[in-house]
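Some notes on the structure that comes next.
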Amino acid sequence: MSVAPVSVATLAAMKARGERIVSLTCYDACFARLLDRAGVDLLLVGDSLGMVLQGHATTVPVTVEQMVYHGAAVARGRERALLMVDLPFMAAATPERALDNAAQLMQEGGAQVVKLEGGEWLAETVRRLSEQGVPVCAHLGLLPQSVNRLGGYRFQGRDETSAERIRREARILEEAGASLLVLECVPAALAGEISQSLSIPVIGIGAGAGCDGQVLVLHDMLGLNPGRPPSFSRDFMQGHSSIGEAVAAYVAAVRDGRFPAAAETPY
Ligand SMILES: Nc1nc(=O)c2c([nH]1)NC[C@@H]1CN(c3ccc(C(=O)N[C@@H](CCC(=O)O)C(=O)O)cc3)CN21
Ligand SMILES: CC(C)C(=O)C(=O)O
Ligand SMILES: [Mg+2]
């Protein structure tokens, strides 16, 4: 028996009902099948694959072609879960480039939602994409594609000026037509406030339990991070003897609001 596939409308309805949205990154068909069957709602083919799979120090080297390759693999494994793909570094540098690259991600890469990193400057791009029928996920807070400007992977929005900028940009991108928002590494109070004030679902990573949903990098939550895992992650293999069990435990913990706990909420 098949199940109704998840759409951005499904996620909006979940937010309206107060049901938490469960998301993980996913880069291949095998994991897509496993995560889909475990009840993950939203699969993100993240450009984090440049670090996790390819061994780069940042996500900057990742290309649109590589996102298409992994997107298509995940698309072949999924059935119910919605498939979101990152536009990688510089792929949304102009609205025209963003439209061309989003077309490729959707037509060849199986993307059902396209995610892009950045604030107010992307409003026109979000409007154009959404006019063309592309569901867009905005991404604010820590922007890993800007690591060379930022000088490291640090929490954002910790002072009032920067918090107010994130609030404002979230509003602007929603008004421009974004269907979803990812908030990465921002204080829980700020993320909770933005989640309540926006009508679109807000998915947090390192952003506390007050968001409408949670996302983690798959390898981090399976304890496969070779270095020190980010402080906001949890190793769900602890106490579980299979990957399927660990993923099911993550799904249940997010749904019940048990993840992230205080220990995984640095600010
Ligand atoms: N494996 C992996 N996990 C991720 O969450 C992730 C990636 N890769 N690659 C792309 C971005 C980069 N991200 C990162 C990477 C490191 C930290 C980190 O170590 N943060 C410190 C806090 C730093 C500070 O605010 O001073 C931490 O302890 O969490 C955070 C986000 C999130 N994304
Ligand atoms: C960390 C998430 C949100 C992401 O953008 C990625 O995995 O690339
Ligand atoms: Mg990304």
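Glycine is treated like the rest: Cβ placed from N, Cα and C.
Lifted from TrEMBL, the feature list:
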BINDING   Asp47, Ser48, Asp86, Lys115  3-methyl-2-oxobutanoate binding site
BINDING   Asp47, Asp86, Glu117  Mg(2+) binding site
ACT_SITE  Glu184  active site, proton acceptor
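Positions of TrEMBL features highlighted on the structure.
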residue : record                               : Cβ neighbours (10 Å)
Asp47   : 3-methyl-2-oxobutanoate binding site : 29
Ser48   : 3-methyl-2-oxobutanoate binding site : 19
Asp86   : 3-methyl-2-oxobutanoate binding site : 31
Lys115  : 3-methyl-2-oxobutanoate binding site : 25
Glu117  : Mg(2+) binding site                  : 24
Glu184  : active site, proton acceptor         : 22
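Contact annotation for binding-site residues (Asp47, Ser48, Asp86, Glu117) versus ligand 2: Asp47, Ser48, Asp86, each with CB under 6 Å from a ligand atom. Taking a Cβ cut-off of under 6 Å from any atom of ligand 3, the recorded positions Asp86, Lys115, Glu117, Glu184 reduce to Asp86. Excluding Asp47, Asp86, Glu117, which define the Mg(2+) site, the same chain contributes Gly46, Ser48, Thr59, Val62, Leu87, Pro88, Phe89, Lys115, Leu116, His139, Pro144, Gln145 within 8 Å (Cβ to the Cβ centroid), listed in sequence order. Counting only the Cα atoms, the space from Glu117 (Mg(2+) binding site) to Asp86 (3-methyl-2-oxobutanoate binding site) is about 8 angstrom.
Taken in sequence order, the binding-site residues Asp47, Ser48, Asp86, Lys115, Glu117 that lie near ligand 1, meaning a CB under 6 Å from one of its atoms, are Ser48.
Looking at Asp47 (3-methyl-2-oxobutanoate binding site) and Glu184 (active site, proton acceptor), their Cα atoms lie 14 Å from each other. Asp86 (3-methyl-2-oxobutanoate binding site) and Glu184 (active site, proton acceptor) are 14 Å apart (CA-CA, integer value).
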